[in-house]
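One structure below.
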């Protein structure tokens with residue numbers, strides 16, 4: 001039996017001060033505008049992750065248009081998917097400087113620009129730059145804020161909220177596949193990409209919905225009032241989470257001094273501006289530019305200081321041993337989910353099951369059950385006396401077991417059952433932001449989750465080509481699943497050997513604050 005996830009990574013601060021002045025909770029936390037944030041994140045997953053799941057339609061068009069090898073052409077899609085996740089740590093820098101809303105709006109524009117420029121591609125290498133890099137970076141700038149904002153707006157129902165928002169990936173896979181197929185048939189692939197670019201501008205609307213919370217309202221910060229039982233329970237914080245939290249305090253004083261220095265500079269600029277009203281308009285215009293540049297410099301330096309301290313300073317996330325183990329797990333996990341999508345059609349063809357698979361494709365079974373898996377696992381994780389961490393580990397064990405046994409299934413029924421289990425257990429993706437937040441706290445969520453999705457991006461980028469290379473050597477797909485499954489198991493073992501949560505005291509009864 002384990003301590004609750006609230007015990008894993010929140011900074012409770014000075015309890016005596018907190019209890020003396022009760023603060024009225026923000027009605028938008030766990031309700032109100034929070035559900036608009038869920039809707040925004042849901043639409044982001046449809047437009048970004050759903051579109052990437054449907055790139056097989058465009059991949060066939062590119063093969064026919066440019067007459068390049070399948071391996072070279074496939075790198076266009078792999079770059080787009082991989083870069084979307086790999087740029088996560090750098091997007092954390094933008095969030096620190098500009099906030100989630102501005103970052104997402106800029107990313108929406110960049111993503112749409114990548115789609116539109118790709119419509120004029122003359123070769124595959126042109127698509128590497130426009131679609132793989134430009135659209136990929138834009139997607140990453142929208143995806144990370146969409147996940148972070150849901151974590152900030154929810155406390156009691158975080159797992160459910162993340163589960164609902166990430167179901168957009170499954171819905172998007174169906175909607176975008178049908179849309180791209182229709183557009184390519186009616187207007188050609190170039191016009192289809194141009195239209196898709198226009199559709200992607202809706203990401204800017206999703207970004208505009210990401211209204212920031214005031215610092216005192218951020219879920220999990222020390223401003224939230226807690227009961228005496230929660231105060232006592234706070235003393236049982238895990239060592240791994242305390243490392244980041246305690247170290248984070250070390251850098252506050254230098255930041256305050258630096259911020260005060262910049263404020264003095266701005267004040268001096270303002271005094272100069274007031275005393276110069278009698279001067280010419282040109283001088284006033286120059287002073288306004290100087291003031292704007294000074295304000296921008298303050299914002300950039302402050303955001304960079306927060307970002308740098310999270311990775312390399314005293315409050316480095318890498319001092320958290322469990323978080324490092326989580327990164328190692330992420331390096332192996334995502335490829336095990338992507339590989340079946342890539343190689344299942346070929347396996348079905350080898351087993352002469354194409355006629356049955358055409359009626360109801362196995363990849364569609366994974367996608368459909370994946371939607372329900374995210375929601376159901378989110379609901380289960382939010383139940384009293386249920387540990388999100390335990391649900392997360394059980395889902396991982398189920399998925400790795402399915403990956404290792406899938407090559408042994410040679411009939412459509414058995415393959416369909418295994419694929420359904422793969423789809424359901426992979427619903428743990430909705431729990432990844434929750435587990436990350438539990439490990440490092442809300443304050444570090446943007447940078448921490450950026451690292452996790454970066455590791456996932458590397459896995460997604462290298463996993464399928466590695467599986468194809470294994471097939472070229474052995475002429476079987478079996479070893480691709482066995483090797484990826486074993487590597488996945490290594491990642492799970494890294495999670496198990498770390499003291500991420502503390503065991504409950506003997507004889508203690510299960511309450512709402514205690515998880516089993």
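Each residue, glycine too, has its Cβ placed from N, Cα and C.
Looking at 299-321, 322-344, the range annotated in TrEMBL as transmembrane segment turns out to be 322-344. Looking at 75-96, 229-250, the range annotated in TrEMBL as transmembrane segment turns out to be 75-96. Feature annotation (TrEMBL): of 479-497, 498-516, the stretch labelled transmembrane segment is 479-497. Comparison of 33-55, 75-96, 160-180, 192-210, 412-435 by number of C-beta pairs under 8 angstroms to the transmembrane segment (103-121) places 192-210 first. Proximity of distant same-chain residues to the transmembrane segment (447-467), defined by a Cβ-Cβ separation under 8 Å and at least 6 residues beyond the stretch ends, is recorded for 71, 74, 78-79, 81-92, 96, 143-144, 147-148, 151, 307, 310-311, 317, 323, 326-327, 330-336, 338-339, 342-343, 432-433, 436-437, 439-440, 477, 480, 484. Same-chain residues lying 6 or more positions outside the transmembrane segment (359-377) and placing a CB less than 8 Å from one of its CB atoms are 53, 159-160, 163-164, 166-167, 169-171, 173-174, 340-341, 344-345, 348, 391, 395, 415-416, 419-420, 422-431. Of the recorded ranges 160-180, 322-344, 479-497, the transmembrane segment (33-55) has the largest number of C-beta contacts under 8 angstroms with 160-180. A Cβ distance under 8 Å defines the sequence-distant neighbours of the transmembrane segment (160-180), meaning residues of its chain 6+ beyond its ends; these are 34, 38, 41-51, 53-54, 56-58, 146-147, 150-151, 153-154, 192, 196, 199, 367-368, 370-371, 374-379, 381-382, 427, 429-431, 433-434. Proximity of the transmembrane segment (479-497) to the transmembrane segment (322-344) is established through 3 or more Cβ-Cβ distances under 8 Å for residue pairs spaced 6 or more apart. Remote same-chain residues near the transmembrane segment (412-435) are listed as 5, 147-148, 150-151, 158-159, 162-163, 165-167, 326, 337, 340, 344, 347-348, 353, 356-357, 360, 362-363, 365-370, 372-378, 381, 388-389, 391-392, 395-396, 398-399, 402-403, 405-406, 445, 449, 452 (criterion: CB distance under 8 Å, separation of at least six residues from the stretch ends).
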